[in-house]
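**Q** Swiss-Prot feature annotations, pasted as is:
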DISULFID  CYS67-CYS292  disulfide bond
DISULFID  CYS79-CYS91  disulfide bond
DISULFID  CYS112-CYS154  disulfide bond
DISULFID  CYS296-CYS320  disulfide bond
DISULFID  CYS488-CYS492  disulfide bond
CARBOHYD  ASN23  N-linked glycosylation site
CARBOHYD  ASN37  N-linked glycosylation site
CARBOHYD  ASN53  N-linked glycosylation site
CARBOHYD  ASN68  N-linked glycosylation site
CARBOHYD  ASN78  N-linked glycosylation site
CARBOHYD  ASN180  N-linked glycosylation site
CARBOHYD  ASN300  N-linked glycosylation site
CARBOHYD  ASN498  N-linked glycosylation site
LIPID     CYS554  S-palmitoyl cysteine
LIPID     CYS561  S-palmitoyl cysteine
LIPID     CYS564  S-palmitoyl cysteine
SIGNAL    1-16  signal peptide
TOPO_DOM  17-529  topological domain 'Extracellular'
TOPO_DOM  551-565  topological domain 'Cytoplasmic'
TRANSMEM  530-550  transmembrane segment
Amino acid sequence: MKTTTILILLTHWVHSQIPINDNNTATLCLGHHAVANGTLVKTLTDDQIEVTNATELVQSTSTGKICNNSYRVLDGKNCTLIDAMLGDPHCDVFQYENWDLFVERSSAFSNCYPYDVPNYALLRSIVASSGTLEFMAEGFTWTGVTQNGGSSSCRRGSADSFFSRLNWLTKSGSSYSTLNVTMPNNDNFDKLYVWGIHHPSTNNEQTKLYVQASGRVTVSTKRSQQTILPNIGLRPWVRGQSGRVSIYWTIVKPGDVLMINSNGNLIAPRGYFKIRAGKSSIMRSDAPIDTCVSECITPNGSIPNDKPFQNVNKITYGKCPKYVKQSTLKLATGMRNIPGKRLRGIFGAIAGFIENGWEGMIDGWYGFRHQNSEGTGQAGDLKSTQAAIDQINGKLNRVIEKTNEKFHQIEKEFSEVEGRIQDLEKYVEDTKIDLWSYNAELLVTLENQHTIDLTDAEMNKLFERTRRQLRENAEDIGNGCFKIYHKCDNACIESIRNGTYDHDIYRDEALNNRFQIKGVELKSGYKDWILWISFAISCFLICVVLLGFIMWACQKGNIRCNICI
């Protein structure tokens, strides 16, 4: 009888350690959005941290074609800008043209008398930024010389010709008169006069064309003066010519006067180009020109400008992203990603945010999952989600505003004589790119750190808001979940989510259930030890009772034990 009583008590005590499924309680967990495969971004504290979503900030590819909408793009085809300006016969189609961007092709060539421009890059830049080849002829008077010289190397149709914007002056009869010509600028804009000097290949050619053994050209204004002497000598043959023409130019301001003095070798201007102040430019590119829309053009082709940085080309025209060395910079536009684990014990996937994120949330970044007498459910929290989104939205636009160029980065060219300047310019440009690349990475890592911190903060705010509502009616069980010690149906759960929960209504019930449950509840971690100890004690007591029974039976004679040797 004693043994039976002890076994019943032990069995009742062991069963009391097993949690009872009580419909008078509920579990509420808080969590955040997660995805199966997140995106790695860089922050100030971590080179690689996974987030639910990120936006690429570096444009690394072009369309492969130049868009002719948004800007007037002029295809130079077989002509360079300088050839078109001088009036090379095969470039006559470009006379009086206008452009925002003049595209020079690698296939461009000169098809007139061979020439050089001592300061080619500057003249090219002046004409390119002006955006027009508008030319105004002027009535220069050249007496005592023959005008409109031509060459077989520069044919217009079937006749010998020359650059249409220049006038090659040679001797008249057996003399070449000294020339003194003035041309005032009575207009209110700058005028660009292009002129040159001819360098014969031999002394015989010099006297044959200009009589004098050596000519001289002097062009002056109130602000400047240039005196050029011909450099007679043989040069490599180009289009059947060993001589050369050197091209110079003079800008005459309003109210100033152009003065030309020469006794031979003068390549005279026929008029002037109107200089305009503008944002037009020039670019070398072999990308085809197509009908499309883009505000940013590179030699590789047009690129979108919806990103703050680009790694396509240093040379750009239009409203373009800033060039950086990095091929990728990702801006976090979502929260820290903690993919959900498959096994979660008694509550399955209902574990809270401390353990994992929730995949499949479609109605918010933050939300609730619950388990009560009516089953399980999930719902997003609009308030905390919207607070996080409001802070993240606009980040990309703000970064673009900080970095987008509102001007173009022109090509820079230098003659061989200006090699040191070219090296210095290259060093300055490379340094600027290094600085911008560093600043871009720093900016992105700062923004990423801020995004992750604020999304974590919104999760904590939601948790604290829920804890303050529940007070003593629930217990924080340590994994982002609360155990609610009163019956909480779906309407009750909804009141917690929307902030209308009244803890006073459930206070007495919660306190009563808490004390009842706590009386028999054992903390996880001690249950196994107690069960094993109770099992061992039970076995020991059974053995003692069995041994006592055997001894009692032997004493009464009911059991006999024979030992044989």
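In case you wondered, yes, glycine gets a Cβ from its N, Cα and C as well.
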**Q** DSSP secondary structure for ASN498 (N-linked glycosylation site), reduced to helix/strand/coil, please.
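**A** The three-state answer is helix.
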**Q** When a 10 Å sphere is centred on the Cβ of CYS488 (disulfide bond), how many other Cβ atoms does it contain?
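**A** Excluding its own Cβ, the number within 10 Å is 28.
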**Q** Where among the disulfide-bonded residues CYS91, CYS320, CYS492 do you find the Cβ with the fewest other Cβ atoms within 10 Å?
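**A** Fewest other Cβ atoms within 10 Å, among the disulfide-bonded residues CYS91, CYS320, CYS492, is found for CYS492.
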**Q** Looking at the recorded positions ASN23, ASN37, CYS554, which has the shortest Cα distance to CYS488 (disulfide bond)?
**A** ASN23
**Q** Distance between ASN78 (N-linked glycosylation site) and CYS154 (disulfide bond) at the Cα atoms, whole Å?
**A** 15
**Q** Should CYS554 (S-palmitoyl cysteine) be counted as helix, strand, or coil on the basis of DSSP?
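**A** Going by the DSSP assignment, CYS554 (S-palmitoyl cysteine) falls within a helical segment, counted as helix.
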**Q** Which one of the glycosylation sites (ASN53, ASN68, ASN180, ASN300) has its C-beta surrounded by the most other C-beta atoms within 10 angstroms?
**A** ASN68
**Q** Find the shortest Cα-Cα separation between CYS79 (disulfide bond) and the recorded positions CYS67, CYS154, ASN300, and name the residue that gives it.
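**A** Checked the recorded positions CYS67, CYS154, ASN300; minimum Cα distance to CYS79 (disulfide bond) goes to CYS154.
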**Q** In this structure, which of the disulfide-bonded residues CYS67, CYS154, CYS292 has the fewest other Cβ atoms within 10 Å of its Cβ?
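**A** Result for the disulfide-bonded residues CYS67, CYS154, CYS292: minimum number of other Cβ atoms within 10 Å at CYS292.
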**Q** When the Cα-Cα distance from CYS492 (disulfide bond) is computed for each of the recorded positions ASN37, CYS67, ASN180, CYS554, which gives the smallest value?
**A** ASN37
**Q** Count the Cβ atoms, other than its own, that fall within 10 Å of the Cβ of CYS554 (S-palmitoyl cysteine), considering every protein chain shown.
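**A** So the number of other Cβ atoms within 10 Å of CYS554 (S-palmitoyl cysteine) is 12.
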